[in-house]
Structures are given as structure tokens and as C-alpha cells.
Amino acid sequence: MLNQQKVVEIYTDGACSGNPGVGGWGAILRWNGHERELYSGEVQTTNNRMELMAAICALKVLKEACSVDLYTDSVYVRNGISLWLERWKMNNWRTTSKKTVKNIELWKALEDVCSLHTIRWHWVKGHAGHPDNERADALARKAITEYRKNGYFSA
């Protein structure tokens with residue numbers, strides 16, 4: 001009997017007020033008629049870090065190996081995981097221009113959590129009316145707003 005993996009759709013986004021500045025990330029997970037929203041942030045961060053955190057944190061909540069369609073508006077995340085990561089590792093975490101890769105610890109964390117799942121990466125144009133991308137963006141901005149109001153991230 002074949003082992004069927006749970007199929008999960010994930011929509012992620014990151015936002016930053018100032019770059020660097022207060023940032024937030026949001027994610028929507030959808031499977032078998034269920035849905036879960038996640039969001040949080042960091043006080044001093046960048047938009048790229050928040051884009052990475054959205055994918056990492058969304059994948060970390062999956063309790064078993066899944067077949068994932070992950071949608072992001074971040075070319076940085078999609079190209080990093082799909083095109084650049086293997087070359088960075090072979091070059092001791094250096095870019096083709098010999099600079100140290102930014103956010104190494106997050107790239108390593110993303111690679112680790114990706115190894116548990118079968119993931120298809122999809123790029124969607126940000127701020128172009130895609131409903132689930134807009135919702136993920138709203139969650140990321142909600143994290144920033146809550147931090148500014150309360151002085152902490154609630155999620």
C-alpha cells in the first residue's frame with residue numbers, strides 16, 4: 001500500500017516597516033477543508049528575513065511529512081531555495097561575487113525543514129490582488145501593528 005502524504009497549501013508573506021525595522025510575517029495553511037493562520041515578527045529585521053521566517057514557521061507547524069504547495073511573492077526565497085542554495089553550500093556560503101550569503105542561519109533552517117516534506121515552490125506577484133497572498137500580507141502587517149500598539153508580538 002502506498003503511503004499517501006497529506007496535501008497542504010501554504011501562502012506566505014513578509015513585511016517590514018523600514019528596512020531594517022520592525023517586521024512581521026504571515027502564513028496561511030490549508031489542508032483537507034481546514035485552515036490555519038500564523039503570524040509574528042521581529043523588532044529589528046529586514047523584509048527578506050521576514051519572508052524566510054514565514055516559510056520556515058509555516059513548515060515547522062506541520063506534524064508529519066506532507067506534500068506542500070508553497071506560494072510566496074518573494075523571488076529571493078523562491079530562487080534561494082530552488083536555484084542558489086546548492087551553489088552557496090558548495091562555495092562555503094559565498095555568492096558568485098564572493099560575498100558572504102546573508103541570512104545563512106535562516107537558509108539552513110529552511111533547508112532543514114524542507115527536507116521533511118515534498119515541496120513545490122510557486123511565485124505569485126505581490127500586491128496584485130491574489131486573495132491568499134493579500135491575506136498573508138495582511139497577517140504580516142498585523143504583526144507589525146500589534147507590536148507597535150502593545151510592545152510585543154502576540155502570536
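Our numbering is plain: 1 for the first residue shown, then up by one each step along the chain.
Including glycine, each Cβ sits where the backbone N, Cα and C put it.
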Site co-member for Mg(2+) 1 according to Swiss-Prot, given D13, D73, out of E51, E64, E86 = E51
Using the Cβ centroid of D13, E51, D73 as the reference point for the Mg(2+) 1 site, which residues of the same chain not in that list have Cβ within 8 Å?
-> T12, G14, A15, M50, A54, T72, S74, V77, G126, N133, A136, D137, A140
If you skip the near sequence neighbours and keep only those at least six away, which residues in the chain come within under 8 angstroms of E51 (Mg(2+) 1 binding site), Cβ to Cβ?
-> T12, D13, G14, W25, T72, S74, Y76, V77
Which one of these binding-site residues has the most other Cβ atoms within 10 Å of its own Cβ: D13, D73, D137?
-> D13
